[in-house]
């Protein structure tokens, strides 16, 4: 007899963990685990939900594509859902996919359109009467981010379709990529001017398309490669193609580039031969790929097979195994994270893996070093797990010379010298000194990161400088900084310093309770749990007073999480931090986990505002967040009901329209002065 409560708890944990990794991968471009590790978790959840249907949840990652839409860009619904793909990692799994089609269709399709599985950013470009009108990222599949202005700068994207029989409306799906050679040149330019150096072409492509400043996007070597369509509206009402291979030919006629090496395969065996051929040649291709996508070629068969909640039943991604190369393990250094965990990091002789130079790889914990039998000076095999995260696979014992040395895990913290503690129920070694400089530094970095308050302009580099200089010892100290304070640090000129301070102020006045809970970095408390807590407690005072039993009655909170929350609030240093944050004005009081709280005494309370033009002190999204935090309602269209319009530089037709209606117009400085009233 199965233990349903136990399986229910496991399924809930898997859903939360998969959702967290989806956000890290799709939204933040900072994956923590490999594709293979993600797929192991995903398949476990699929198996649980299949064996016990009562565990099914419509919000489960198995029922959706993955990746919520970021707040910085406008959201828009897809006309037709943009699905993800199911994966296969072996010939047996490819055979099982074919067998499922045999069991579904009376006549089994034998032809498949195959092309490389590109490692870029999936999105949709939309054309009305042959003219490019808009672009959306895949987002969560149902809605995406509007990136029209950015995509207009992509040089190989046709702004007007060529050829004949152009549809009235055409939605083209594809991938934005950066070629390997272009990526190397981009990173060289970035490094030369002290800019961000990207980890891989996918991160560079995703970050470039999501830029609010399209002049930056225009300077990036982006390509759009089309692989399919969404909605198509034609004169005759019926598409003039009956196969996917015909569709690809039509897309090329209209002016789209397509993935390299695409071809029609006339049997499942030919598909597998193509997969093996492309796997052997992947290094010679101009773009990064991580597998092959095989699609049933016949469009009637595609319609008959249909879709699951997550993916088409007529297409499959055949993933390549991770590429492995040899290099030397030069050293192992131990880093201390914000929760005090000591993490060993392999220092490697630099080597190229899958087009990316790798010189470091996490070893996770002491047991991984022991289990793999690693010694300092070893020649090792290295791969990028899931073609993303560097990983030491194993030592090449046969190459040992006798000069290799064992690594001894430290018994004291490498940062503060405190004795290292290892709980019996954990694999991690921890520094439990709350005053440890590394713990403080990493906690502040997390506080302002995208996973915390998301303060633009306060990256790891500037936080490191502030902590090292003694200007900041806790997160609350950030809110005492001035523009002049920041201008003394590297990469902080007058404009960037002013923008960073404005971002801090926006975070202080606009943070939700849920966002602040995330920023505090309470162990085991992620975004979903933070939203749960913010829904059930009116503020941090109420949360602090809740005992373990009360916490256990909340959804998503088990004994381990409840104990971690109590441990955080029982720590005197944390209580002092909360009081300092309260004194700085960062104390959301509304139990709304999804929207900003409204501060009392605001001059903007109840007003309807519109922003137009380019703002200098902050981004448009930050201004919107600050206005809403002050109780205003921000809209995007000009109307007589507007109370005020905030006009930045180069304001255009909306400003003209507002003036013709006699609306009250203010500039960015006046808007900032209205916000200052919040602190009086």
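Placed from the backbone N, Cα and C atoms, the Cβ positions cover glycine too.
What Swiss-Prot records for 117 is active site, N6-AMP-lysine intermediate, and it gives sequence analysis as the kind of evidence. A simple way to gauge crowding: the CB of residue 117 (active site, N6-AMP-lysine intermediate) has 21 other CB atoms within 10 angstroms, across all the protein chains here.
In the three-state DSSP scheme, residue 295 (NAD(+) binding site) is classed as strand. Residue 295 (NAD(+) binding site) counts 24 other C-beta atoms within 10 Å of its own C-beta, drawing on all protein chains shown. The NAD(+) binding site annotation in Swiss-Prot covers 35, 36, 37, 38, 39, 84, 85, 115, 138, 175, 295, 319.
Its Cβ taken as reference, residue 413 (Zn(2+) binding site) is surrounded by 24 other Cβ atoms within 10 Å in the chains shown. Secondary structure at residue 413 (Zn(2+) binding site), as computed by DSSP, is coil. Residues or ranges marked as Zn(2+) binding site in Swiss-Prot: 413, 416, 431, 436.
The annotation domain 'BRCT' is assigned in Swiss-Prot to 599-680.
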Can you tell me the three-state DSSP label for residue 117 (active site, N6-AMP-lysine intermediate)?
strand
Round to the nearest Å and give the CA-to-CA distance linking residue 39 (NAD(+) binding site) with residue 117 (active site, N6-AMP-lysine intermediate).
17
Determine how many residues of the domain 'BRCT' (599-680) DSSP places in helix, in strand and in coil.
30 helix, 17 strand, 35 coil
Between the Cα atoms of residue 413 (Zn(2+) binding site) and residue 37 (NAD(+) binding site), find the distance and write it as a whole number of Å.
30
So residue 416 (Zn(2+) binding site), by the Cβ count within 10 Å over all chains shown, scores 15
Rounded Cα distance, in Å, between residue 85 (NAD(+) binding site) and residue 117 (active site, N6-AMP-lysine intermediate) is 10
Any idea what the model's mean pLDDT is for the domain 'BRCT' (599-680)?
76
